Amino acid sequence: METLVKLFKNNIRQYGMIIALVVIIIFFQLITGGLLLEPINITNLILQNSYILVLAIGMVLVIITGHIDLSVGSVAAFVGAVAGIMMVDMHLHPVVAVIASLIVGALIGAWQGFWVAYVKIPAFIVTLAGMLLFRGLTMIVLKGQSISPFPAGFQKISSGFIPDLGSGNVVAIAAGVICTVIFVINELRDRQSKKKYNFDVLPGGLFILKLVIIAAVIMAFAFMLASYAGLPNILILLLALILIYSFIMNKTVMGRHIYAIGGNEKAAGLSGVKTKKVTFWVFVNMGVMAAISGLIFAARLNAATPRAGTNFELDAIAASFIGGASATGGIGTVFGAIIGGLVMGILNNGMSLIGLGIDWQQGIKGLVLLAAVAFDIYNKKKSSVS
Amino acid sequence: MSEYILEMRNITKAFPGVKALDNVNLKIREGEIHSLCGENGAGKSTLMKVLSGVYPHGSYEGDILFKGKTCEFKNIKQSEELGIVIIHQELALIPYLSIAENIFLGNERSRKGLMNWNETIAGSRELLEKVGLNEHPNTPVGNLGVGKQQLVEIAKALSKKVKLLILDEPTAALNEDDSENLLQLMLEFKKQGISCILISHKLNEVSKVSDSITILRDGKTIETLDMKSGEVNEDRIIRGMVGRDLTNRYPERTPNIGDVILEIKDWTVYDEVRADRKVLDNVNLHIRRGEIVGIAGLMGAGRTELAMSVFGKSYGRNVSGTLYKDGKPIENNTVTQAINNGFAYVTEDRKHYGLILIDDIKRNISLTGLSKLAKKGVINDKQEILVAEDMRKKLKIKAPNILQKTGNLSGGNQQKVVLSKWIFSEPDVLILDEPTRGIDVGAKYEIYTIINQLADEGKGVLVISSELPEILGICDRIYVMNAGRITGEVSREEASQETLMRYMTKTGGPKHGNVS
């Protein structure tokens, strides 16, 4: 028990947000009389939050480098509008239109990255300008009107499910099993190498407990999806992005350089990190992620509208901070941002289920953001004293 | 007792692990200019911080008597109320505010919170006249040169009815004319009965205006010299400043010196902010393989600027000159290029420029050489751990494991992490800027041993240090810099603290001291 308490205290930052998520889930599960974790609602949760989660992945990278991007909502709307014009008005093939849209996103990211990295204008200002600029451009290209409908193939991005082989959605369950196995093997190998180098590891019993809990959560999740409509396409995309970006941030030179710049830009520069170039590419990446988000949203709505993406940036930023990213840079994880995004998403969903108005929802989300960051800072202070 | 305006008696101030001041005594006569001399780190600034209340009463031992009365200052405000005003080396002016606003900052001419602008302007005009600055009080301070800014600081001090003015390196950033001007002003104040404490490395200025000089060394008062009575010249002051015993604090080494590995030719660099100011002027030097070359100089001599401009033009603008490595001209336009050319630069400020304090030992060590650990951009974790572990053992970094955050390590261990990082990048030329600053004696010895090993591997090592004993203890050859120029080159055999100090304080001509 003592080791458990100590362990918890040392890792409270890491576990804090997960515990918060679990508490929120349990709370809404009870208060909605079990509606929250109904299979249909779980599937809805994924579909509803996918575009914010995609933005959060890009945003946490920007925040780790010590910057911010306020323009992503407007950029998402603009790219959605451009995609709408290409597919609905110009009848381009969806694949061509999607690729072109991603390039538009990259170019917008490059535009903002140029001002931030090379001209050294604070990102807050550059992206505030971008927020206005791209919202304006969205309205101009759409002439203030919505465009619809999108081709059916394109809509499938957001509303489609992986086709099933037999009855009972075997695919979803099989995917769950594969994920569990990969996860367990990965954890075991990591533990082995950590032990070899004398690093701190969880005590054996707790380690097994952790594996069992996580495996159970994955499998339960898979069964839930299977019992409704199976694996949503968007979930596959989301998981792929999470894995790819976690890999980049943890295992590649690029990722290490991003953390180094946020941790101490001057020291990184004097250690041979090309700080301007890396910052520039982080913004290009953010542009692409905003484009993906915009496409997902347009496909889900089956329309490109001038008001799309409003306040997306705030949700993405909040997700990153709730997930433990530091406002001064250098700290944060893709996984954390996803957890933060889920906290926001479940709050939204749960409050809607119990019939709270949008006014109360906004206020409560604001308080949650403040509380999460205050908790984080409190912990940091406490750990620096000891 | 009224002969003295200020008496500081048996002042002792300790920081964790270091006694910065040890029973220091300082007596200032009414209306005299009293200079405080000593090497960097001798305790001059600490003493002045005790006097002005930056270190409040209770955090030090000893007594301060001002005009015969015991004072217990809790903050700067209290010392300023009695007329003790300190002007720091880095000016504390706000560039966007006007001269008048700066002069009365924190001491505004106002009634019930509303500014009285007429009085502010009139008051500052009067003060500006006293210091001989012919500028309109509404001019933003940022538009003035450093010399004039210094005068604004002094005007600000006068506005506080100053009785004892403390100037910390007031002429360090000034040109000859402005310096001369300032010294004249001090003599003028003296006639008006204002006492002055002058802290300066420029011994010619010190001996010119001072009535008496107190010398500090290693936190102790060595002596107080009366300039009027005896034959006190610069050499006499230098002897007092450096005359310490050299015990064997440096590891033995037999140098094995080879061919010239790096040659810097006609290196000239201009200031980053003020484009017309030369920070480095025609610097020429060379380093051989297996040689440890020192650069001695006072603060502001241009040593760090030299190191950083050579290391990928990390400092300055309009960098001109040529670098030759192994006889071939090379370009070091970016840090990456410098690293690829085999350069390493260990900064003097490891916390701000050397380490990522929120990251662990492993990540800090691997940062510079990451590409060596990666295949197609993917880092080999195991190899990274092996490298970091290897460095931890070799350099004896004291930490439970390599996942410790570097921000939690002691200064000596932090420095070892920085050295590890650069050793891993396998450089040929290492530039070490104040490699032992803020490190305790035991760890210093270990760092010296590492430096010796690097030289013995055939690398060229350039050591910048403000500690003369250190330079003398580890270097095979020493360059001395002052005001952006090399003012002397001394071989190990010929070097002594006195000769170095003489070159360090040598102002004027670009004469190349060709001793070796």
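Each position is counted from 1, following the chain as shown.
The backbone N, Cα and C atoms fix where each Cβ goes, glycine too.
Bear in mind that the values here come from a model prediction, so they are computed numbers and not experimental data.
These come from TrEMBL:
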- A:12-36: transmembrane segment (TRANSMEM)
- A:42-63: transmembrane segment (TRANSMEM)
- A:94-114: transmembrane segment (TRANSMEM)
- A:121-142: transmembrane segment (TRANSMEM)
- A:162-185: transmembrane segment (TRANSMEM)
- A:206-225: transmembrane segment (TRANSMEM)
- A:231-248: transmembrane segment (TRANSMEM)
- A:280-301: transmembrane segment (TRANSMEM)
- A:321-347: transmembrane segment (TRANSMEM)
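Count of Cβ pairs under 8 Å against the transmembrane segment (A:42-63): among A:12-36, A:94-114, A:121-142, A:162-185, A:206-225, the largest is for A:206-225. Residues 62, 67-71, 73-75, 77-78, 80-82, 84-85, 108, 111-112, 115, 283, 304-306, 308, 313 of the same chain lie 6+ residues outside the transmembrane segment (A:121-142) yet bring a C-beta within less than 8 angstroms of a C-beta in it. When each of the listed stretches A:12-36, A:231-248, A:280-301, A:321-347 is scored by C-beta pairs under 8 angstroms to the transmembrane segment (A:206-225), A:231-248 comes out highest. Counting C-beta pairs under 8 angstroms (sequence separation of 6 or more), the transmembrane segment (A:12-36) reaches the transmembrane segment (A:321-347) with 3 or more such pairs.
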